[in-house]
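Report on the following structure.
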Amino acid sequence: MDNKLEKMKELVEELNQYAYEYYVLDNPSISDKEYDLKYDELVILEKKTEVTLPYSPTQRVGDKILGEFSKYTHKGRLWSLDKAQNMEQLIEWHNRNLKVIEQYNSMSEDKLPELRYIVTKKFDGLTVNCTYDENGILIKSATRGTGIIGEDITAQIKTIKTVPLKIKNNHVIEVHGEAIMTKTAFEEYNKAAQVPLKNLRNGAAGALRNLDIKETARRNLSAFFYDVGYNEGPEFKSYREMMNFIKNMGLPQDKYIKECTNMEEVEKEIEYIESIRGELDYDIDGAVIVVDDIKTREILGYTIKFPKWAIAYKFEAKEITTKLLDVEWNVGRSGRVTPTALLEPVELGGVTVKRATLNNMDDIKRKNVKLGAKVLVRRSNDVIPEIMGVVEESLEESKEIQAPDRCPYCNSHLVQNGVHYYCENTLSCKPQMVKSIVHFASREAMNIAGFSEKTAEQLFEKLDIKSIADLYKIKKEELLTLEKFKDKKSQNLIDAIQNSKNCDLASFIYALGIPNVGKKTANDLVMKFKTLESIKNTTIEQLVEVPDVGEIVAKSIYDFFEDEKVISNIEELLNLGVKPYYEEERIDENPFMDKTIVVTGSLNNYSRGEIKDKLQSLGAKVSSSVSKNTDYVLVGEKPGSKYEKAIELGVKVINEEEFSNKIK
């Protein structure tokens, strides 16, 4: 037993170190296969011994759904920051600091040092507080809450792979950080989501406020740590020293930390941060400026709300107020009817905004949104703007928004399910059928070349195509009757439809349009169950064993294949000659296997999605940013700052022709 426990401890230490190298340093020292073998060995030992160490990597993703959030009292207060909207306000803050220091130094023999500031980015995420005990084990994580009392989100934080479950420290500490969702994670999540996320901040906040831990893990959050709020160990003399401690503990930390000795330098750094804002893989909404010397901080002190030794410089907001003119109800391929706000046109972030998201009637009521009212609109991450609230003074002459009782397209009665309304007329409701056909034919699904929404609309209206199976019954003579369909175009579409019959199983599963199932989940299902028959007959218990599949997604898949109409449609597709196949993926040795590659600029022979697929098929890892751990930067026409970064770091740069020659 003792030998097994020692082996477990050894494996846990090794796996945690490998995870740190992979997720934080972006510099793995072993292959994924080697990691998986060690991880599997640990799982077996934990089952045999019935012992699980609290910092074991197997504790990162639990299967449980929590009942509720419990309260947690922070050991050290989490302060808010005062804000400056312009340099004048920042200089006023600086001058106040100078005055206090000057007064102190004039009355004290123990002089304070020259004023020095540290400038960092201000992350637009959710503040978290992580507590490590005297053994260095992560024992609690909580939200900011009131700053004194937060909510326990320990299980949720453990899903963030960059957050260490154990650090090499023997004193109790609380470390403050920001949980964020990267743009890469946001895009990946939305590919599979039935309800796409609207912005990165809501993505992070919603994940940490989710009681279904597997659902939290699906968001693939990241974190940056920047402050020790409580410390029973040796005191820090400067913020620089504190940041070095955080880094040495293996906690993820942003690399941008700049030291400034005057306000001209501070202004220059703020301008730089704002200039790179759009290039970052995450959202920031400003810069944070703090006094470096800890003793000077103590002398400057606090107001009721803020520390006087720190301030946030806020960038121009992506929010504005305008009038809500009307609400338009639209039908998606699942039949869900969702509201869209029609706005009085207004300029926001260099774009004219006329429409905004209103998620559902519950959202409308919660925000008290009414027709004719002035509404606050936010545009984040270049996605569709969202209404965040109303200007209360504008509600007097406004009108209530009425929930629809009939489909705006086919006039069928709507059915309410939870907070959403659905049209169940799947056969003759045009938007549902058209969007289902377009999805089925899309590149990542059945890849029917030359298929468009305009084509789908004509097939529905003129050829009475009412199911995806009907696509395989279309004749060339019928296509010739459609607008802009001549002989060659008609034959090409017939050929493309016929060619799609031989498709890989993952593409077929994705094409079926299962709620909450994107291409990644479809791939994961196929890797787990291998055959269509196995997927059709799987249980919810088996489904939640698939990576990133939680209770909600599992139920969506299970319910989908329980529907007799779905099974009937699948059987009809198979009878019409559709043959989904599955092959175990084998990657031949090539120069890009296990290499980290960044792509910048426009390529002649690949779209951005195609080159990503190609590189992944070669066993490469595609990264969105250049670092010293990048192996290659593939450069096309009009490359961006990533090319300059590669030259600066001495990373190998190749063009498209060199890439093609290497894979011949």
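Residue 1 is the first one shown; counting continues down the chain.
Including glycine, each Cβ sits where the backbone N, Cα and C put it.
On a predicted model such as this, the values are computed, not experimentally measured, just so you know.
Summarising the annotation, Swiss-Prot assigns NAD(+) binding site to D32, K33, E34, Y35, D36, S80, L81, R144, E178, K314. Neighbour count (other Cβ atoms within 10 Å of the Cβ, all protein chains): 21 for E178 (NAD(+) binding site).
Summarising the annotation, Swiss-Prot assigns active site, N6-AMP-lysine intermediate to K122. DSSP assigns K122 (active site, N6-AMP-lysine intermediate) to a strand segment in the three-state reduction. Taking Cβ-Cβ distances under 8 Å and a sequence gap of 6 or more within the same chain, the neighbours of K122 (active site, N6-AMP-lysine intermediate) are I284, D285, G286, A287, V288, A312, Y313, K314.
Per Swiss-Prot, the feature Zn(2+) binding site maps to C407, C410, C423, C429; the stated evidence is sequence analysis. Long-range neighbours of C410 (Zn(2+) binding site) (same chain, six or more residues apart, CB within less than 8 Å of its CB): C423, N425, S428, C429, K430. Annotation note: C410 (Zn(2+) binding site) sits in a coil segment as assigned by DSSP.
Annotation comment: Swiss-Prot describes 587-664 as domain 'BRCT', evidence class sequence analysis.
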Where C407 (Zn(2+) binding site) and D36 (NAD(+) binding site) are concerned, what is their Cα separation in Å, rounded? 50
Cβ within 8 Å of the Zn(2+) site's Cβ centroid: which residues qualify beyond C407, C410, C423, C429? V331, G335, P408, Y409, N411, S412, N425, S428, K430, P431, Q432
Near L81 (NAD(+) binding site), which residues of its own chain have a C-beta under 8 A away, given they sit six or more steps off in sequence? V288, F306, P307, A310, I311, A312
What are the DSSP helix/strand/coil residue counts across the domain 'BRCT' (587-664)? 26 helix, 18 strand, 34 coil
Protein Cβ atoms within 10 Å of C423 (Zn(2+) binding site), excluding its own: 25
Here are some binding-site residues: C407, C429. Which one has the most Cβ atoms within 10 Å of its Cβ? C407
